[in-house]
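If you check Swiss-Prot, you get these features:
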{"type": "MOD_RES", "residues": "1", "note": "N-acetylmethionine"}
{"type": "BINDING", "residues": "17, 20, 21, 22, 23, 34, 35, 40, 66, 123, 125, 152", "note": "GTP binding site"}
{"type": "MOTIF", "residues": "63-80", "note": "motif 'Switch 2'"}
{"type": "MOD_RES", "residues": "144", "note": "phosphoserine"}
{"type": "LIPID", "residues": "199", "note": "S-palmitoyl cysteine"}
{"type": "MOD_RES", "residues": "203", "note": "cysteine methyl ester"}
{"type": "LIPID", "residues": "203", "note": "S-geranylgeranyl cysteine"}
């Protein structure tokens, strides 16, 4: 690991098929958007290093297929994850209703009890909304999750989602400090004195 990188974090993106998980990932890592992007087969994987409040973190981001036939990949996919982005489509209520199923899966297979979860309502650029923002916020509060609405197409909220998730993980040293205890790394003073969220009105730390 690079000396100036605080830690490497495993981040998962989960949710029903077609909610835009891969599009969010590609917008964040490559700043691209493909409206004809094919459904993920199995698991996709990308790496990106970001800086949050003076601390560099290398993100290993896992994007999984939402289809039921790929669920045999689940146990290894969740193992060792420090953060999860749970995505639904604000124009498809069925993807919101099924969030409980994904949370149950997360609780079943996740190996950490202090993992940081972020709920993302994607596709806010579309007009045919079926899930109100307050519904998403209420669900996130109920399950102690971070929350944001976003659009992979317009880039709205995408960077914020990942940065807020990483910030919260870094503020939870138990998630990563054991991996770095022999490297002498520590948080920057900016992070130690960190107050509110970096994304203004977008994210709610709950």
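Backbone N, Cα and C define each Cβ position, glycine as well.
When the alpha carbons of residue 21 (GTP binding site) and residue 144 (phosphoserine) are compared, the span between them is 21 angstrom.
Cβ neighbour counts within 10 Å, taken over all protein chains shown, single out 23 as the most crowded of the recorded positions 17, 23, 144. Around the Cβ of residue 125 (GTP binding site), the same chain contributes 151, 153, 154, 156, each under 8 angstroms and 6 or more positions distant in sequence. Residue environment of residue 21 (GTP binding site) contains 27 other Cβ atoms, counted within 10 Å of its Cβ in all protein chains.
Taking the C-alpha positions, the distance from residue 17 (GTP binding site) to residue 144 (phosphoserine) comes to 24 Å. Taking the Cα atom of each, residue 144 (phosphoserine) and residue 23 (GTP binding site) are about 25 angstrom apart.
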